[in-house]
Amino acid sequence: MSGFVGVIVSDPWLQSQFTQVELRTLKSKFVSVRTQAGRVKVGDLPSTFAKLRAFADTFSEKDITAMLKESHSDMEEEVDFENFLRAYLNLQGRAVIKNGGKKLKNSVSFLKSSTTTVQHNINESEKASYVNHINTYLGEDPFLKKYLPLDSATNAVFELVKDGVLLCKLINVAVPGTIDERAINTKAVLNPWERNENHTLCLNSCKAIGCTVVNIGADDLVEARPHLVLGLISQIVKIQLLADLDLKKTPELVELVDDSKDVEELMGLAPEKVLLKWMNFHLKKAGYSKQVTNFSSDVKDGEAYAYLLNALAPEHSSPSTLNVKDPAARANLILEQAEKIECKSYVSAQDILEGSPNLNLAFVAKIFQQRNGLSADSKKSTFAEMMTDDVETSREERCFRLWINSLGIPTYVNHVFEDVRNGWVLLEVLDRVNPGSVNWKQANKPPIQMPFRKVENCNQVVMIGKELRFSLVNVAGNDIVQGNKKLILAFLWQLMRYTMLQLLENLRSHSSQSQGKEITDNDILTWANNKVKKSGRKSQMESFKDKSLSNGMFFLELLSAVEPRVVNWGVVAKGETDGDKKNNATYIISVARKLGCSIFLLPEDIIEVNQKMMLTLTASIMYWSLQREAPGGEPIDTLDASPSAPAEDESAQDGEVPNDDAPATNVDE
């Protein structure tokens, strides 16, 4: 069975109005209502839709009730999922009209007309640039070399994407080691299940390196929709090119700032902002009087590039470039100079003249990789070392950052500790995982200049956390504003754990006996042990701290139990040596993602048996399994905790953060 579980709607037109991601999101809302009441009635819809942020500023619950009564005389009438979708589309259409024809900013889906085809134009220049990137970095790949080089003048790249191998390989070029290539299906001819598995692995791995894939599903990649494919490739390439714009990888970046306070600010900047700061640093030294604020209009005349190359590669540059009056001629001279330091590949002269933002960013990032022109300053390097987090904190920050960005909230998080301090991001996350919990009328939207406004946001965050029964003793909003890392990590862990358990509880709607009962960590533990035992395997885990988990065998047997064909036992090691443990851990992560689990752990988390990561990895597998089984799957109530499966410590049960080594992860919604 495929790792990608699609939501199928019997009406083809209705199905065409949503992507799979949108359908799964709305299905989750529908199931949640059905879980609480046993069935969904017309009268349940107003409160459900009113909580959606897309409609919060447009319609009140009373407004929605009035509109539904126009087409439904009986508010007790039962509603199936397809009618739920039609009601949503009808409401969305009215919202668009009420907003003057503008698409809703926070809409869950795109409203399409049954008589209108939405055309997505692709940028041929970007396509050519990314095809060249693929040819350069994957030309010698053992599997892909028979298909490369690709011709950018054709649609060959889209055809090659359809089996899922190309994008998986490209992810590993961007962030080496993300995907264990033993998990990629690489037969000459793949069946539909194998293709879907590759695409599911690709999308979950994209999330794990920081790509935004909220509106992309495996079916979009199977069909190789050009605008979505190029958008995904663009993100992957960008992550690769900007990877070195980080103080840990390039400590020389500290030269861009003056003191420790500035170092902290630098660490909180998005990579592209750091790139602009670097560019302006060299331009100022070279005597360029203007400030470059973007990779589009500010670089179209080529002057900034001429100054930059003169400063970084004077042996290949000439001041005469600035004397050229024709911008096109200047752009060609710039590319001739860039080619001498192997930096021409991403832009053409026309791309410079047109101010293509993605390609100009790639061009500057490539120059940074080849010639950053920075030197190590021992005094400033000390600042950077003081500001750098320890390994454990860095790993947790990475996990929460990737999880937050996977939720598809409007704000993209580049650095957790800096980006959450005004409270806005946390409010967006809370609204996503618990719709309707945020009072947006009392929220202050960035940019926020007054400190007390930030405190107001964070106070609401803490208040909602307490309503969700998080352990927040002696925690105030000001602690978040002040950037208390320990408290921020503790809050995010509880929020992630809450989300995970809510997703699992929502899937119990098929069992009337289980309604109203909360899932505990012990339920997850017992479910996993029973799954493995019923498959005929002997591995068991005593707790999520069981040191025997470090060899990976239990999780491989669990994955095989929920989907027998997903594990290739021929590549599995016994896990007796450190090397075997590392190989198994890497394989487990890729197999779980291939199955459909959205997880953000690292191999070290399995090897070290980090309690929270073991819990959330197991929960992710459980969520996928129950999602496939419902309706008619085994009720969780039948998996009562046994004496051989002790519960985790109480601090984990009530949401506090145990004193262990790593962050948690989350099951994708």
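Quick reminder: no glycine exception, Cβ is built from N, Cα and C everywhere.
Please treat TrEMBL annotations as automatic predictions, because they have not gone through curation.
Annotated features, as they stand in TrEMBL:
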COMPBIAS  647-659  compositional bias 'Acidic residues'
DOMAIN    124-241  domain 'Calponin-homology (CH)'
DOMAIN    269-372  domain 'Calponin-homology (CH)'
DOMAIN    394-500  domain 'Calponin-homology (CH)'
DOMAIN    518-626  domain 'Calponin-homology (CH)'
REGION    632-669  region 'Disordered'
Composition by DSSP (helix, strand, coil) of residues within the domain 'Calponin-homology (CH)' (394-500): 68 helix, 0 strand, 39 coil
Helix, strand and coil totals (DSSP H, G, I; E, B; other) for the domain 'Calponin-homology (CH)' (269-372): 69 helix, 0 strand, 35 coil
Three-state composition of the domain 'Calponin-homology (CH)' (124-241), taking helix and strand from DSSP: 73 helix, 0 strand, 45 coil
DSSP-assigned states of the domain 'Calponin-homology (CH)' (518-626) in counts, ordered helix, strand, coil: 74 helix, 0 strand, 35 coil
